[in-house]
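Per TrEMBL, the features are as follows:
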TRANSMEM  22-43  transmembrane segment
REGION    60-88  region 'Disordered'
DOMAIN    149-384  domain 'Sulfotransferase'
ACT_SITE  LYS158  active site, for sulfotransferase activity
BINDING   LYS158, GLY159, GLY160, THR161, ARG162, ARG239, SER247, LYS364, GLY365, ARG366, ILE367, HIS368  3'-phosphoadenylyl sulfate binding site
DISULFID  CYS347-CYS359  disulfide bond
Amino acid sequence: MEYSPIYQNLHFVSSSHVRNKLFVFCIMLSLWVYMIYCCVGYCSTMPSLMVGTASSKHSQHLETVDPNRTQPRLQNEGDLESEHQEDPLDSLDPLFGASSRDVLNNESDLDSRGGEDWDEIRSEQRTLDNNVVSSLFNESGPVESKKLPQAIIIGVKKGGTRALLEFLRVHPDIRAVGAEPHFFDRNYDKGLEWYRDRMPETQEGQITMEKTPSYYVTKDVPARIHTMSPDTRLIVVVRDPVTRAISDYTQTRSKKPDIPSFESLAFKNRTTGLIDTSWSAVQIGMYAKHLERWLQYFPKDQLLFISGERLISDPAGEMTRVQDFLGLRRVVGHKHFHFNPAKGFPCLKRPEGNSKPHCLGKTKGRIHPNIDPEVVQKLRNFYQPFNRRFYQMTGHDFGWGSWS
């Protein structure tokens, strides 16, 4: 039996059509398998890519600072125990070379660990992670890196440093670490890279800051900061030294209720009225003696002295001085503050909206104990020459008490 030519042609056309379909199907299947393989491979590499990106950014911004330093020695000018010194300012240098007496390590306050600001630190870390992710998809975005601080709040304890730091963090051109690093007084042997790693990441044009109030009264710190950068801007928040000492004692008593009375700690001899300047709560308030060391390394125009009292009564005014000192736009002003009568100090608020003002934590604004007025007056008399000298050195009268 023979096939007709027509049947043979139909059979050829049908076979060719099936082969074409199979060929297209195989190609499409191969493409889908390849796309799935690529997607799986890309997802598996994402975590290592993020870590590598962050690490590479850090390694690109290492700075080399000579750790060697020199320190001029301060002269011993007399014996504190003598009650017949003509100038009480000249009889206290030996105390500053020795450890101060204290009933508790006062620097273990929540401020030293950041206290309530650990939530903000975690928020900063989340922001960092988000920036790393966004940089993967937007290579033209702003570059961030960790830098050594260009400005430091160096003191004083119980002067209002935490409030000032929180006010400054509102400014978009300020990035500040919440916890106190204590690098220049406790962790200096860990090196500048350890210190840099404590700092938040900043963009070009932003200022990196930190605050550690014990720097102002620690002997070696001025030389160490100068070695890091002689151009560092320094901010000191000071308040009436008598009120500051009582606040210091109040903080200590909140942790250790069985400590001796303020009066017994403040005097070596209550009858003669001899003040015990080895007690750190008293020693910190001798601002002029501490400032002498700083002026050996930094010109006066690199230090800004903020009034702790005016930081409460006029926070916007003091913030204007700080922003000008740091060369910043005047962003933080009256609209950012709301006075809290219960706590006795201003709280931060958002200029827009009706959100609740943000106040400092419960460790701030403690009620002070009642101190014998005679003790308070003797302390005021003791601080008078130090205050007078401090006013002369800073060119600013802070109005702490009066004398004839």
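For all residues, glycine too, the Cβ spot is worked out from N, Cα and C.
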From binding-site residues GLY160, ARG162, SER247, ILE367, the one whose Cα lies nearest CYS359 (disulfide bond): ARG162
All-chain count of other Cβ atoms within 10 Å of SER247 (3'-phosphoadenylyl sulfate binding site): 20
Residue, out of the recorded positions CYS359, ILE367, whose Cβ gathers the largest set of other Cβ atoms within 10 Å: CYS359
Segment confidence, the domain 'Sulfotransferase' (149-384), expressed as mean pLDDT: 93
C-alpha spacing of CYS347 (disulfide bond) relative to ILE367 (3'-phosphoadenylyl sulfate binding site), in angstrom: 18
Number of other Cβ atoms within 10 Å of the Cβ of LYS158 (active site, for sulfotransferase activity) across all protein chains: 27
Fewest-neighbour residue among recorded positions, criterion Cβ within 10 Å, set GLY160, ARG162, CYS347: CYS347
CYS347 (disulfide bond) and ARG162 (3'-phosphoadenylyl sulfate binding site), Cα-Cα, nearest whole angstrom: 12
